[in-house]
Amino acid sequence: VHLVHCNQQFSGKKWIVLCAGGSGWINYPFQASIYHAYHMFIDHGIPKENIIVMHYDDLAHNKLNPTPGVIVNQINGSDVYNGVPKDYVKDMVTPEVEFGGNNFLGVLRGDPKLKATGSKVVESGPNDHIFVFFMDHGFVSFPNGKLFSEDLINTLKEMHQNNRYAKLLFYLEACHSASMFGGLPTDINVYAVSSSRAIELSYACCFDDYRKAYVGGFFSNNWYANSEANDFNVETVDEQYKYISERYIVPDQTNIPKNMTEHATHYGDLSIGQLYLSEFFGTKTPPKVFVNNKNDLPDNCDFVNTRDIGIHLLHKNIESTDNISEKLRIHIFWEK
């Protein structure tokens, strides 16, 4: 028998932490995906004050952006940048204090020193639920510094010990992302989903010819396709995980070898999978603005592992012109 907790049983607050660890035009999909997630949660009724966003914020007005102030997460898609808060931007996007500025782990654990500076932190209690979505390069990178598995898991243990949450759900999209959760205990009320196995790469998807950028991620694209076609009040965490994990064959494209795979994996307290998504993502049913009912990727969507985005952008930009001087200019620009 498949038992599911009723929505009415949850009476705590819902907290959302969204973090894009990367910066620069080559890392466009990281920030774009975070922005998309923000609007999805707002549309589902999560209060703005309960959502914390960390992003370098160097895309919207980047000199490479042909649509200043507009960021998309799909080819020729709707703007996902407008309205996104600047809770932590530029050098404030760090894993730990020693790198300068504010930090990701401090936000999670509700660091009083951060709060004292006027920065926004998770002020959760024992009845609350927390959802975290982090997207970046593998072995988990920030513009300054890296986040190590031991530090992340110790922070989660500390939060559990201090009754900072009832349940915590964590989605991590990065190459080798499962390596972050191998030591996650099963008894601290955390359910973690990685985009790929510890030995696998993760993939950026959908090159936008107009923007000269990859605009999405394979894992997050599947997550949004599922989320925006279903009702969080009736779909469980496990049902969403099943949808994502079954889509592990990265479509055969010229950029990658045939049948490359990206297997989502899950760790921790898997009983949390019986909960409705609404207990983390919000109960409101919004108009389905971004929905793709076929759950298909566009025919013109190609893929590249996130390590090689810069190389493929260079190749695509050089191939986009027959002018030798322009080819040389592009090569020199991307070398910088």
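Every residue gets a Cβ built from N, Cα and C, even glycine.
Sequence annotations record features per position, and here TrEMBL assigns active site to H137. Per TrEMBL, active site, nucleophile is recorded for C175.
Neighbour counts of Cβ atoms within 10 Å were compared across the active-site residues H137, C175; the minimum falls on H137. Taking only the Cα positions, the spacing between C175 (active site, nucleophile) and the residue listed as 'active site' is 6 angstrom.
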